[in-house]
Amino acid sequence: MTPRQDDSKEDEKDGESNRLLPSAASPSSDGEESEEAAYEARDKIAIVDVDEIPGSADGLPLDYVPPFSWKKLWMFTGPGFLMSIAFLDPGNLEGDLQAGAIAGYSLLWLLMWATAMGLLIQLLSARLGVATGRHLAELCRDEYPDWARLILWFMAEVALIGADIQEVIGSAIAIQILSRGVLPLWAGVLITASDCFMFLFLENYGVRKLEAVFAILIATMGSSFAWMFGDAKPNGKELLLGLLIPRLSSKTIRQAVGVVGRVIMPHNVFLHSALVQSRKIDPKKTCKVREALKYYNIESSIALLVSFVINLFVTTVFAKGFYGTKQANSIGLVNAGQYLEEKYGGGVFPILYIWGIGLLAAGQSSTITGTYAGQFIMGGFLNLRLKKWLRALITRSFAIGPTIIVALVFNKSEASLDVLNEWLNVLQSMQIPFALIPLLTLVAKEQVMGVFKVGPVIERMAWAVAVVVMLINGYLMIDFFVSEVKGLLFGLLACSGTVAYLSFIIYLASHGGVFASRSPSYGVELSKQNSIDGN
């Protein structure tokens with residue numbers, strides 16, 4: 001073979017590689033190799049109105065933060081609302097309607113405090129992303145040895161697939177409702193799968209356009225469920241008492257556990273730490289980071305307040321219509337629309353279709369954010385520099401294949417879908433420690449966070465929330481396995497799996513110092529830079 005033929009072969013190989021991989025970024029000035037990043041520099045939104053802030057040499061303290069600006073808040077608005085969609089996915093809506101139908105207004109106080117607990121965890125996730133300039137999956141890649149990193153990646157993918165199946169099935173149910181049953185469940189799954197291409201199409205027009213679409217979907221949910229709330233006319237006094245007075249009974253303990261257990265979605269913890277990097281923020285400039293954290297904290301709080309109100313609407317509608325009735329224990333996503341129609345009738349805008357529209361908006365928005373989270377999880381843990389369309393296609397394929405099988409197998413009855421939903425809830429509950437423990441470990445490490453390491457009070461509060469959520473989800477898992485696992489073989493397998501599961505959790509909880517030994521430069525350089533800024 002001639003040298004020219006050899007060169008031709010090499011060119012062909014390079015061309016094939018370039019079609020699958022983005023063009024390699026040139027090494028940075030400090031000699032570091034290019035790594036997978038949540039957003040390319042050209043895709044990030046510039047905070048154009050943020051003036052350069054002089055250091056303490058000009059008479060300003062190091063912790064100086066510019067005064068509040070509505071314009072800047074608008075520039076930072078977006079990531080928190082995308083994050084909040086996980087609190088509004090079809091799985092959460094089903095939990096809301098079941099809590100309302102079975103427990104009435106009595107668990108509204110728990111819904112409020114559970115949302116507050118979720119907010120604390122999400123604020124820490126955002127803090128990690130802003131302060132380090134990297135997201136949780138990327139940091140886990142450096143923090144843990146390869147075997148632990150791969151287990152964490154696998155667990156994150158399993159949690160994402162479980163959530164995605166629920167979200168896609170929720171969208172398919174909504175399509176079935178809106179088509180009056182003409183389209184079967186599997187057809188709704190295929191239609192929902194097309195959101196991957198819509199997502200890719202929107203991404204080409206920039207982050208802001210994508211955020212605008214999610215804003216429309218959230219507004220659609222809010223409008224639909226607010227309309228239902230107005231139609232149902234729930235008891236205002238009972239609603240207020242439900243928010244202010246804690247009440248719990250043995251009959252509603254399962255619903256109470258579900259309300260708290262749903263506030264932490266494992267993939268959402270990874271997602272939020274990446275979404276905040278869509279704005280151009282230099283993590284080495286302390287004042288810029290403080291300002292970004294201030295606006296992200298405000299924006300995330302507003303977003304979760306909106307999600308709380310929407311969840312409140314759903315819970316109270318079903319509390320008003322079905323609490324104390326014989327249908328209360330049998331209501332779920334599949335038959336909720338039918339029960340609503342029987343209870344509240346038609347009218348100019350039948351409540352069945354209003355419910356279907358809200359459910360469709362919830363399902364579509366959550367499946368797209370699931371695709372987004374899947375890209376960050378895969379890219380961060382494995383450092384894969386694939387093109388966006390290929391990475392999104394792989395992520396979507398992981399979920400759509402199992403979901404189509406599920407739609408065909410479990411479409412026999414409402415009861416079978418309820419059993420499936422219970423299994424998926426347990427599956428996601430099992431993954432919660434593998435997102436929470438790494439997050440809380442990293443935000444408390446000075447080598448990672450520099451001066452933005454959380455203080456002891458916040459750290460204790462966060463661990464208290466994490467322990468409560470993990471214990472509650474542990475209760476759900478034990479309760480489920482005791483009732484579902486039968487036979488000696490399955491019992492032995494469950495015991496063996498439990499031992500391995502708990503051993504890995506203990507390893508994660510006791511782990512420390514690996515990040516400093518394997519990749520010490522980042523946190524040290526950040527601390528040094530902060531010192532330089534102050535001198």
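Here the Cβ of each residue, glycine as well, is placed from N, Cα and C on the backbone.
Whatever TrEMBL says is automated annotation, not expert-curated.
The following features are taken from TrEMBL:
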- 1-17: compositional bias 'Basic and acidic residues' (COMPBIAS)
- 1-39: region 'Disordered' (REGION)
- 108-130: transmembrane segment (TRANSMEM)
- 183-201: transmembrane segment (TRANSMEM)
- 213-230: transmembrane segment (TRANSMEM)
- 302-323: transmembrane segment (TRANSMEM)
- 344-362: transmembrane segment (TRANSMEM)
- 368-386: transmembrane segment (TRANSMEM)
- 393-411: transmembrane segment (TRANSMEM)
- 463-482: transmembrane segment (TRANSMEM)
- 488-509: transmembrane segment (TRANSMEM)
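Counting same-chain residues at least six beyond the ends of the transmembrane segment (183-201), those with a Cβ under 8 angstroms from any Cβ of the stretch are 168-169, 171-176, 210, 363-364, 367-368, 371-372, 388-389, 392-393, 396, 400, 403-404, 407-408, 411. Here the listed stretches are 108-130, 213-230, 463-482, and the one with the most C-beta pairs under 8 angstroms to the transmembrane segment (344-362) is 213-230.
Contact counts against the transmembrane segment (463-482), taken as Cβ pairs under 8 Å, peak for 108-130 among the stretches 108-130, 213-230, 302-323, 368-386, 488-509. In this chain, the transmembrane segment (302-323) lies in contact with the transmembrane segment (108-130); the count of Cβ pairs under 8 Å, excluding pairs fewer than 6 apart in sequence, is at least 3.
Through the fold, the transmembrane segment (488-509) approaches residues 148, 151, 430, 433-434, 437-438, 441, 481 of its own chain, all at least 6 residues removed from its boundaries and within a Cβ separation under 8 Å.
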